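Engineer: In case it's useful when we look at the structure, here is the feature table from TrEMBL:
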- 77-458: domain 'Cation/H+ exchanger transmembrane' (DOMAIN)
- 33-53: transmembrane segment (TRANSMEM)
- 65-87: transmembrane segment (TRANSMEM)
- 94-112: transmembrane segment (TRANSMEM)
- 124-147: transmembrane segment (TRANSMEM)
- 159-183: transmembrane segment (TRANSMEM)
- 195-216: transmembrane segment (TRANSMEM)
- 228-250: transmembrane segment (TRANSMEM)
- 256-277: transmembrane segment (TRANSMEM)
- 297-327: transmembrane segment (TRANSMEM)
- 347-369: transmembrane segment (TRANSMEM)
- 376-398: transmembrane segment (TRANSMEM)
- 438-461: transmembrane segment (TRANSMEM)
Amino acid sequence: MSAVGEPGLREEDSAPAGHRAARGRFLLRGVRLPIVVALLAAAAVLAGVRAGALPSPSTGVDPLARFLIAVVVVLVVCHLFGGLLELAGQPPAIGEILGGLVLGPSALGLLWPEGQRWLFSPEVVSVLGQTAQLGLVTFMFLVGYELRLDALRTDRRAVGLGLVGSLALPLVLGAAAATPAYTMLAGPDVPRVTYVLFMALALSITALPVLARLLTDLGLTGSRTGTLALACAAGGDVVAWTALTLVLALRGDAGWAQVVSTALVVLVLGPVAVPILRSALAWALRTLAGTSRGARLTLPVLAAGATACGALTQVLGLHPVIGAFLFGVVVPRDMPVVERAVTQLHGFAVGLLLPLFFAGVGLQVSVGLLDHGSALLVFAAITLVSTAAKIFGSALAVRPAGLNRSEALGFGALMNCRGVTEIVVALVGWENGIVNTLALTMLVLLALLATAVTAPLLRVVGRLDR
């Protein structure tokens, strides 16, 4: 089964170097075709605008047509940037996120504000936002499904040390770094404790999907460091989404009373409900798989279940991503019919829906908000503190488990890979009014920077013991 948001894992550790090089050349050739197609499509759109074939920004156009044009532009730009960044040795998700930022006020809004306002009118943004939420729900279902907690049972001492180290120091130092910026970054009327807890959580995230793809590209999936990083990232996901649930409950009208009730539901009912729900769902899916028509219904059943759970947690005052993630966790594994359905859903979500989510984030992020010294200073401080805490906290924690210096630092660099997960958490906080647009911008840029430097850092620390 493939890693969420990325192609499947490849076992390359034992492959000859020549075979890996040939495969790399083949993959590069395969990436070029979509880039060429995207460039041609973009050129056609620009040529149409220049020749007057497309309406000018001031021309009235049917809202549906305008929305469809916006979808085309988003898909072309996001996948174009994703392909280019993949050629540069970076995860495609970084390029797709950059594509979303380019379409927002940070780039297109500066270069062609009238066109940006026409393309992303309030009506289009409203529909795009709802569609992006569907993509986010689907993505979080896939993240939950890909979560393999059985990895936590291997090398338990190292996993335990790594999990604590990758969370404890980043949480403490993240809270310390974010506290002085409360008046600058917090949403209106947000209690200081809610803001601090959220920022500490957001600054301690590791992106499991992007991490899995990165390990594949670097041929580290079978190494002890790679296996340990995946296990700790899986455990960190459980902690992060549970903590986010409690922070959102704290943001609710009931305050600490809702936090206590939510914690009781998660800690008491969770261990009981998950096995029961998984068994019931397995029985239902096996029944469906008994007939050809039933097997075809597996995909809509999974999609409907994830959406329904997302709606339930939204009604409960949390966020749809919580319900979708939990539904993904309880879906039974090792069923061929489920594997096929998830693969189909994965392609649709990553190819179509997730770029719309990135565009939605890009429309809210404004790099121009960092144009004054105090904002830049806060961003630099948060970036440096959270990065150092994540890398060195993780590295120091696993040294007693027998990892040498380069292995420990490599593990720390991997745990600093933040990717899409941090952006999702940041957007949830922004949508719930816990942080403002400046904080959202900082967290999105931090996620991009931290993910982009992961591979170069691994190459640097790999030379330490040579």
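Cβ atoms are placed via backbone N, Cα and C, with glycine included.
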Engineer: How about the transmembrane segment (94-112) and the transmembrane segment (159-183): do they have 3 or more C-beta pairs under 8 A, pairs 6 or more apart in sequence?
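Structural biologist: The answer is no, given that the two segments have fewer than 3 Cβ pairs within the 8 Å cut-off.
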Engineer: Grab the same-chain neighbours of the transmembrane segment (376-398) for me: Cβ-Cβ under 8 Å, and only residues 6 or more beyond its ends, written as numbers and ranges.
Structural biologist: 158, 161-162, 164-166, 168-170, 172-174, 176-178, 180-181, 184-185, 203-204, 206, 228, 232, 370, 407-409, 411-413, 415-416, 442, 445-446, 449-450, 457
Engineer: Using a Cβ cut-off of under 8 Å, list the residues of the same chain at least 6 residues beyond the transmembrane segment (159-183) that approach it.
Structural biologist: 151-152, 192, 195-197, 199-204, 206, 228-229, 231-232, 235-236, 239, 378, 381-382, 385-386, 388-390, 392-398, 400-401, 411-412, 415
Engineer: With pairs closer than 6 in sequence left out, are the transmembrane segment (297-327) and the transmembrane segment (347-369) joined by 3 or more CB pairs under 8 Å?
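Structural biologist: Contact criterion not met.
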Engineer: Go through the chain and flag residues at least 6 beyond the ends of the transmembrane segment (297-327) whose CB is under 8 A from any CB in it; none is fine as an answer.
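Structural biologist: Same-chain residues near the transmembrane segment (297-327) but 6 or more away: 133-134, 136-138, 140-141, 143-144, 241, 244-245, 248-249, 252, 258, 262, 281, 284-285, 288-289, 337-338, 340-342, 344-345, 424, 428, 431-432.
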